[in-house]
Every structure is written in structure tokens, then in C-alpha cells.
Amino acid sequence: MIDQIYRKAVLTVSGQKFVENIVRKQGWGLAQRFVAGEEVEGAIAAVKELDAEGIQGNLDLLGEFVASPEKANEFAEKVLHLLDAAHAAGVMPYASVKLSAVGQGQTVDGQDLGLTNGRRIVGKAREYGGFICLDMEDHPRVDQTLSQFRTLAEEFGTQHVGTVLQSYLYRTEADRDSLDDLSPNLRIVKGAYLEPESVAMPDKADVDASYRKLVYAHMKAGNYVNIGTHDESIIEDVKHFALAHGIEKDAYEFQMLYGVRRDLQKELAAAGYRVRAYIPYGRDWYPYFSRRIAERPANVMFILKGMLKG
Ligand code: FDA
């Protein structure tokens, strides 16, 4: 409950325009702990650095909901450029995309623009043997994201597109069941948005229990699972569950955020587990940065200390 109150407080404060203005002005130096750069070159350099430690990359051009088709298309072009740049640099074009940033919810020529741009992006990833994970956003977008994921998976194959399920939502167990026929590659996370209690579990213990249940169900169904968490006790339990059920290490991977628990990332990779770091980059870093701060009280101290230093 305390976690929930803290998270709500940080996300509410960070949503205030004057706070955003101050942090945007002074915060880039601090944001670099979680963000690999403002341009694609920085992100690709980060992938190569991690690769030397046996950790793979998941590139993410930062950006969230855009209100105009022009902006959405502009963003989609940048994602296509990212895939080209990764391919040209000899890096696996594995990226995450928020459909709201490429036009989800905007109708152009009778089609949802998020889906149209999703097709362009996943199509390009397939051309390069890459993979696109459709990030999950706040709860009003879940239905559309899951339905667009299904369309893209059927058109391009689940080896080139996956999505994310959030364990804090009451609906997620049923969502996972409903996707089983696709044998999808899913990332399971706890959920990072400020959600009402009518849709999301308020207690951390319930979110954690739901997390384990989802991962185990997806593993038992024989699907590839991306375990997107820094929670060591869950990671330990998943390792034991896999061992007990004869699930090989190449049937799942651990995913963590760039700059978070690098020690654990390295330790798991050294022990022969697949590990992938989610590597965000770009100029629109503020909302992403705010969610990372909201996840851990110590991160607020890190910000305040940094700001006091000027
Ligand atoms: P929890 O919050 O319980 O933290 C476990 C431990 O990890 C903490 O005790 C702390 O030590 C450490 N930790 C966690 N966050 C930290 C931070 N920011 N800084 C320092 N330490 C931290 N969400 C979403 O809604 N949609 C999405 O698409 C994604 N995608 C995604 C991809 C990947 C690869 C990851 C790892 C996470 C996401 N998330 C996400 C975010 C996710 O929902 C969740 O908010 C964070 O992962 C934090 O929760 P944990 O599972 O790490 O557990």
C-alpha cells in the first residue's frame, strides 16, 4: 500500500507542468542513468557495450501519445530509421514500440494509423530478421493494442512481433488465455502506470502473485516468455520453476531496464541465462524518466541530490 501511495504521489507531482519544466531543464545529466542518449548512435553504442558482457539489447525510441497523423508518421519514420541503423551497424533490430506514438486511435484512410505504421515497422523488422515488441500502455489502450498485436502476429509471425502483459490488471489472466492460440512471445511486467483500483490491484503482494502466475502459465503452455522485472525473488522462483518443469534456458529470457540492476543483469548472463536490457533513447525522455523515479524511493533522492549539486 505504501508503494502505491509513493508511486501515485510521484506520478502526480511529475505530471505538473512546472515540475516537468524544472526537471527537463536540469535533469538530462541525471536522466542519462536510465537513457542511453538523445540520438540513435548512443543507443547502438550501448547495445554494443552490453553485448561484450553477454547482454542483448532491446532498443526503444522514447515517445508516447501524439495527437496528429503528421507527428505519428514522423515518429514511425524515426523507428524505421532506427531499424535501418541497427541493421547497418550489425546489431539485431530488436526494438520496442508504443503504438500510441505511431498513431493508434487516429483514423487515416479508414484505417487505424497505429496499425498502418505498425505494419510498416514490423514488416521492416521481419526483412532484417528482427523483432518488435509492442509495449503496453495505460489500461484504456489494452484492448486495441492486443487486437492490433493479433493482426500483426497473424500477418508477420510471432517470431517478429510480440507484446506485453501487465500483472497489476485484473483482466490480464484472461488476456493471456485469449492469446494462447497464437503461441505468442510475451513480455510479462508488473505495470508502470497510475491506474484506478477498479482495474488494477492496489496491493504489491497481489501484483507479485499475479506476476508469478502469469509467467508460470505462459511457460507451461510452451511459449517463449520475457520476464521483465528486477525483482530478485521472482527471478529466483522462475529459475526454479523452469528447472522443475524441464523448461530449457532458451525458452525464456530475463529483461531489465538500462541502468537498473546492472549487477544482476551481468550475474544472470554469466550464469548462462539470456538477458536483454531495454535501452531507451531520444529527446522525449521525461515521461519515461518519471516512471522510473516512481518505482523506487531511492531514485528520488538521487534526483534531489543531483539537482542540489546544480
Ligand atoms: P518492483 O517494482 O517490485 O521492484 C523490484 C526491485 O527492483 C526493487 O526492490 C528495486 O530494488 C528494483 N527496481 C525496480 N525498479 C527500479 C528502478 N526504476 N530503479 C532502481 N531500482 C529499481 N511497464 C508497462 O506498464 N508497460 C511496458 O511495456 C513495460 N515494459 C517494460 C520492459 C522491461 C524490460 C521492464 C524491466 C519493465 C517494463 N515495464 C513496463 C515496467 C514495469 O511495469 C515495472 O514498472 C518495473 O519493471 C518495476 O517493477 P519490477 O518488476 O522491477 O518490480
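Positions of Cβ are set from backbone N, Cα and C atoms, glycine also.
Among the candidates K204, K220, K239, the residue that TrEMBL names alongside M136, Q166, K190, G191, A192, T229, H230 for the FAD site is K204. Among the binding-site residues K98, M136, A192, residues whose Cβ is positioned under 6 Å from ligand 1 are identified as M136, A192.
The Cβ centroid of K98, R291, R292 marks the substrate site; residues of that chain outside this set whose Cβ lies within 8 Å of it are A192, P280, P287, Y288, F289, S290, given in sequence order. The maximum pairwise C-alpha distance among K98, R291, R292, the residues recorded as binding substrate, is 17 Å. Residue pair H230 (FAD binding site) / R292 (substrate binding site) shows a Cα separation of 12 Å. If you take the C-beta of M136 (FAD binding site) and look for same-chain residues 6 or more apart in sequence within under 8 angstroms, you find V142, T145, T163, V164, L165, Q166, V189, G191.
Those residues noted as binding FAD (M136, Q166, K190, G191, A192, K204, T229, H230) have their most widely separated CA atoms at a distance of 19 Å.
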